[in-house]
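Contents: one structure, followed by commentary.
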Amino acid sequence: MTIVNESHHEEFILLGFADLPWLELPLFVILLITYPLALIGNIAIILVSKLDPHLHTPMYFFLTNLSFLDMCYTTSIVPQMLFNLGSSTKTISYIGCIIQLYIFHIMGGTECLLLAIMSFDRYVAICRPLHYTLIMNQRTCILLVSIMWMTGVIFAFSEATLTLQLPLCGVNKLDHLLCEIPVLIKTACGEKEANELALSVVCIFILAVPLCLILASYASIGHAVFKIKSSEGRKKAFGTCSSHLIVVSLFYGPAISMYLQPSSSITRDQPKFMALFYAVMTPTLNPFIYTLRNKDVKGALGNLVRNICKCK
């Protein structure tokens, strides 16, 4: 199956917020601030997780993967957004659109699965503490992450490739900030019911199923925590899980409203704001959420900064 659509133009025009031109400058400034913060924060998480021996645990192994995903996720769209917002040219080449489409959806789908794995890790740590090291050993962690990446790539690649087969009938304007599957399906002409059905099925497996696993894990965790007699023990257990719950809410909320909500109930600008939230704001906030609410990470960051200062 060929990936290149024969009816395509050499480039797409990304309309973005063309009907709200006053929003472009504030959005440009926000992205110019949040993008470096996202990169710095996630690189810091990866460094401290690798350099500090105390953080060589399954939880931080998964957190390192999350930070890497977030960096790739936001990098796949923000530079292009900044270029378009900062110039009168609001275009992206067809090849650029294809690359963005694959990277964006591979990273997004893989992150959905990773958040489910992280919730399972917390479930085992709190509900099966005596068996934690036996269940979440290095081999299991690597296997889970390998399956996660493979599944994310397969689902995203197949759905994106299927979407690129749709005829565009000469249309080269996308009413969005980036190349995203629902927008390309909406823009395409001809029969696209099969694509819409395929997207719904993929979203059920990538979004709904992992979310159900997360909710089931935290239901069990909540039940186990309330059985803990020590208030200090309950506080520690809630503290361990609260950061992950916040991250899950920030990512899944906008993603569900975009991919599982009926298209008839989605307003024109809603996909743009949702994409900004789960692809820009969430990767920026994640490092701060895990840092501010985690004594181990704060301590490791402090040690890293002190070591850098000593070297200078």
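Here the Cβ of each residue, glycine as well, is placed from N, Cα and C on the backbone.
As written in TrEMBL, here are the features:
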DOMAIN    41-290  domain 'G-protein coupled receptors family 1 profile'
TRANSMEM  25-48  transmembrane segment
TRANSMEM  60-79  transmembrane segment
TRANSMEM  91-120  transmembrane segment
TRANSMEM  141-158  transmembrane segment
TRANSMEM  197-216  transmembrane segment
TRANSMEM  237-261  transmembrane segment
TRANSMEM  273-292  transmembrane segment
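Taking residue pairs at least 6 apart in sequence, the transmembrane segment (91-120) and the transmembrane segment (237-261) share three or more C-beta contacts under 8 angstroms.
Within the chain, the transmembrane segment (273-292) has long-range Cβ neighbours (under 8 A, six or more residues past its boundaries) at 27, 31, 34-35, 37-38, 41-42, 44-45, 63, 66-67, 70-71, 73-74, 77-78, 104, 108, 176-178, 180, 243, 246-247, 250-251, 254-255, 257-258, 298, 301. Between the transmembrane segment (197-216) and the transmembrane segment (91-120) there are at least 3 Cβ pairs closer than 8 Å, counting only pairs 6 or more residues apart in sequence, which means the two stretches are in contact. It is 91-120 that, among the stretches 25-48, 91-120, 141-158, forms the most Cβ pairs under 8 Å with the transmembrane segment (60-79). A Cβ distance under 8 Å defines the sequence-distant neighbours of the transmembrane segment (91-120), meaning residues of its chain 6+ beyond its ends; these are 3, 8-14, 59, 62-63, 65-66, 69-70, 72-73, 76-77, 80, 84, 144-145, 148-149, 151-153, 155-157, 159-160, 163-164, 178-181, 184, 202, 206-207, 210-211, 213-214, 217-218, 244, 247-248, 251-252, 255, 278-279. For the domain 'G-protein coupled receptors family 1 profile' (41-290), the model's average pLDDT works out to 86.
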